[in-house]
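Report on the structure given below.
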């Protein structure tokens, strides 16, 4: 039986695709999604930074969402692609820890940022006169720092624990990144206490924010339906439907994966669900927020006009 001091050995990531031509084609598709996600999220962050008209709480929060998505997808896809193309599936003990830390930090922080964005829309639509006070720049900064700090603290505790488990079975992680449930399965000790910790973290960082978002948008929908201005009603509905689309894509597969009992999980299903919240959502977010947001489209026009050389 292996002992604790052997946790420094490398892990093996079994990956997402088979090592054949079909797997290569699917990997190229994932790499294309990765490139689009990087361009979209970095572009959105830069746009909000460059255009003064977007220097509002809503767009500051959106810039943080884009930054998190950029780091989120970068923590998993490059290693998956390198392993597939090189034919080597190993990941070092330290590398697994770093990957797990960034993944968990982004997962927790993004859940809190989405809840903050829902609160911002709730105040803007239901209490517009109180908006400058409730969503001041100082309050916005507190929300952003709180999301990052709480997400990091949660991540450190889980990463530290998971890397100090005794692994006496195979070190082959049946996933394309160092995912906590997949690693717990390899431990040779009773992990029910830690699995309860994972459940509590999922409730705090995912389920409770999701319920808060649902309540906020329920109130918003009620207020929107009672608006006298048809244009205002249309604008509010468009903004909120955009947010709800992003929230659904992110929370639904994540909560379903982490709140299920271990006996009901299957590695194949977990990997497919993980594609949604680690790869597809970071790509879709900038597309959804740009195509369905006239202010962002106008800002793109202004910034492109400034950056493009003028003809004399």
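Including glycine, each Cβ sits where the backbone N, Cα and C put it.
Residues annotated as transmembrane segment in TrEMBL: 24-50 (among others).
Residues or ranges marked as domain 'G-protein coupled receptors family 1 profile' in TrEMBL: 40-289.
Here TrEMBL flags 97-119 (among others) as transmembrane segment.
If one looks beyond the transmembrane segment (140-163) by at least 6 residues along the same chain, the residues whose Cβ comes under 8 Å of a Cβ in the stretch are 7, 57, 60-61, 64, 93, 96-97, 100-110, 112-113, 116, 119-120, 180, 183-184, 194, 197-198, 201, 204-205. Feature annotation from TrEMBL assigns transmembrane segment to 140-163 (among others).
The transmembrane segment annotation in TrEMBL covers 196-224 (among others).
With a threshold of 8 Å between CB atoms, the same-chain residues lying at least 6 positions outside the transmembrane segment (236-252) that come near it are 110-111, 114, 117-118, 121, 125, 206, 210, 213, 217, 220-221, 223-224, 227, 276-277, 280-281, 284-285, 288-289, 292-293. Positions annotated as transmembrane segment by TrEMBL: 236-252 (among others).
Among the features that TrEMBL reports, transmembrane segment is placed at 272-291 (among others).
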